[in-house]
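Student: The annotation transmembrane segment is assigned in TrEMBL to 50-73, 89-106, 126-154, 166-187, 207-228, 261-284, 290-313. According to TrEMBL, the feature domain 'G-protein coupled receptors family 1 profile' maps to 64-310.
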């Protein structure tokens, strides 16, 4: 994903006056929308390298997403909603990555071939809607995962996502749907100069207040919850030496579940931390080239990172002794609920 480099550099063009000719005014119009801005990279020979880098990462990520979804259903005989939360999260994340990658690859390919903004505008709005919907859905979903892991460790309670995960899906997909549908109706979706998302002119406010601030807040919250969760796990693990029987098994089960949940937070931070850094540097001034390429690479490799989580979860499940997987936890109702669902 090549981020919007035109927001910080866009300037308004003011009327100019020819002093040699009385009463003659030459006026250059202020850009009305993103279509009035140049394509990013054409003026500094970065155009081809940036788009090819993005397309390469997107293609690999899309392939991983498809493989994860296929293997997830082929290697499990259980009904989808009877699987553990971690297993369901992998599929949800792969779907988000796959649909994001598909729309984003067509977006980049269109610009690379035409060396122009995506036209007609309706097509650009469609790309922007799909890209924004699934980027935001991932962010909200990982934040819920982080909160759930924190709740399991500190309060020994598991969050209920409702039948068929309707609460989780309504929240993670519903909020972005409303935001981007409203943005489309208000004309705030369009070209950024590098791809389709919030229009570089009409949607600049949403870029700052929704995407930039949202990303920064989500990243910070996830870091805090992630660190707090692992500190608690570390302390409880050291104390397990003095705990025996069902109580020890219950704590270990909760720790295993929280570790699985934390994997999603880890890869999320790897994927999106660079975007938070990019957004801040873009607001402050010129974005360093190394940050730009970090964003292009990491943001578009979500499918690969999610694939790594899928592999790790499968390996952990195979290594876990059968007696631990089927153990009956009797210490408390809350612990029983957690270990049966995660």
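Every residue gets a Cβ built from N, Cα and C, even glycine.
Given the structure is predicted, the values throughout are model-derived calculations rather than measurements.
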Student: Taking pairs 6 or more apart in sequence, does the count of Cβ pairs under 8 Å between the transmembrane segment (290-313) and the transmembrane segment (50-73) hit 3 or more?
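Tutor: These two stretches do touch.
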Student: Under a Cβ pair cut-off of under 8 Å, which of the recorded stretches 50-73, 89-106, 166-187, 207-228 contacts the transmembrane segment (126-154) most often?
Tutor: 166-187
Student: Which listed range (89-106, 166-187, 261-284) shows the maximal number of Cβ pairs under 8 Å with respect to the transmembrane segment (207-228)?
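Tutor: Checked against 89-106, 166-187, 261-284; highest Cβ contact count belongs to 261-284.
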Student: Can you work out the mean pLDDT of the predicted model over the domain 'G-protein coupled receptors family 1 profile' (64-310)?
Tutor: 87
Student: What same-chain residues lie close to the transmembrane segment (166-187): Cβ under 8 Å, and 6 or more beyond its ends?
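Tutor: Tertiary neighbours of the transmembrane segment (166-187) are 33, 92, 125, 128-129, 132-137, 140-141, 144, 160, 198-199, 202-203, 206, 210.
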